[in-house]
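Per TrEMBL, the feature active site, proton acceptor maps to Glu105. Here TrEMBL flags Thr28, Gly29, Ser30, Thr31, Asp83, Gly84, Ala85, Asp86, Lys96, Gly97, Gly98, Gly99, Lys123 as substrate binding site.
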Amino acid sequence: MDAREMKIKAATAALEHVEDGMRLGIGTGSTAEEFVRLLAEKVAGGLKVQGVPTSERTARRCVELGVPLKSLDELPELDLTIDGADEVDGNLALIKGGGGALLREKIVAGASTRMIVIADESKVVETLGAFALPIEINPFGSVATRIAIEKLASRLGLTGELKLRRAGEEVFTTDGGHHIFDASFGRIPDAEALAGALNSIPGVVEHGLFIHMASLAIIAGPAGARTLKANNTGANLS
Ligand SMILES: O=C[C@H](O)[C@H](O)[C@H](O)COP(=O)(O)O
């Protein structure tokens with residue numbers, strides 16, 4: 001099974017959690033896009049859902065494929081969000097934001113009763129941090145914000161490069177008009193402490209640590225899909 005087939009496998013299993021009439025948060029990224037494609041087929045077949053997209057990219061894809069959309073202001077309470085991740089640990093703590101959608105993803109997941117993560121086995125780690133942590137910042141005072149992040153991380157025993165994300169020649173700009181530092185801290189033993197600390201820096205808009213947000217991860221590997229719940233419990237799906 002190649003990488004795309006694994007994403008499809010996870011997205012297919014996630015679709016089983018979608019029920020008629022649901023208000024659905026719809027994630028961003030290549031795995032979430034497989035979910036959108038499969039969801040659109042179900043919608044064409046009569047399934048009634050209302051989706052809230054986590055990015056302009058996902059919104060465009062939903063419109064192209066005919067998935068009905070609402071804004072989060074129109075639909076501020078959601079039943080379920082299905083989204084991808086860059087890393088997942090055994091307690092379902094996540095790193096997200098590789099596609100730059102972390103802020104809207106976190107707002108949408110926070111407005112949802114449940115969040116299900118879909119990913120392939122390559123995303124599962126023992127300790128978060130091999131993937132550089134996206135930190136969304138306000139462009140104003142970004143040098144001061146960088147220094148504040150570095151000082152604070154160092155107090156937690158973390159050091160590493162903070163790379164300003166670029167899109168070709170330009171600085172990458174998020175849907176919210178912000179910039180992103182990708183922080184290569186390496187292993188993050190206490191993600192909760194880092195998350196809290198980053199939230200205390202005024203120039204930090206949001207960070208890609210999603211802790212205690214997901215209730216289930218559907219992980220697809222060459223042999224099939226399995227579920228992962230907090231504290232390493234879960235089951236094989238096929
Ligand atoms: O900002 C992007 C998101 O957090 C994505 O869900 C994450 O980067 C995973 O994307 P993919 O499914 O393409 O690996």
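Backbone N, Cα and C define each Cβ position, glycine as well.
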Contacting binding-site residues, sequence order - Thr28, Ser30, Lys96, Gly98, Lys123 vs ligand 1, Cβ under 6 Å: Thr28, Ser30, Lys96, Gly98
Length of the line joining the Cα atoms of Ala85 (substrate binding site) and Glu105 (active site, proton acceptor), in Å: 10
Long-range Cβ environment of Asp83 (substrate binding site), under 8 Å and at least 6 residues apart: Gly25, Ile26, Gly27, Thr28, Gly29, Ala32, Thr54, Lys96, Glu105, Ala109, Met115, Ile116, Val117, Ile118
Output field, substrate shell: CB within 8 Å of site CB centroid, site Thr28, Gly29, Ser30, Thr31, Asp83, Gly84, Ala85, Asp86, Lys96, Gly97, Gly98, Gly99, Lys123 dropped: Gly27, Ala32, Ala101, Ala119
Among Lys96, Lys123 [binding-site residues], residue with fewest other Cβ within 10 Å: Lys123
Diameter of the substrate binding set by C-alpha atoms, the set being Thr28, Gly29, Ser30, Thr31, Asp83, Gly84, Ala85, Asp86, Lys96, Gly97, Gly98, Gly99, Lys123, in angstrom: 15
Close in space, distant in sequence - Gly98 (substrate binding site), Cβ under 8 Å, 6 or more apart: Gly29, Asp86, Phe131, Pro134, Gly208
Packing count at Ala85 (substrate binding site) (other Cβ atoms within 10 Å of its Cβ): 28
Per DSSP, three-state class assigned to Glu105 (active site, proton acceptor): helix
Cβ neighbours within the same chain of Ser30 (substrate binding site) - under 8 Å, at least six residues apart: Lys7, Gly84
Cβ neighbours of the residue listed as 'active site, proton acceptor' where a neighbour is any other Cβ within 10 Å: 32
Helix, strand or coil at Gly98 (substrate binding site) [DSSP, three-state]: coil
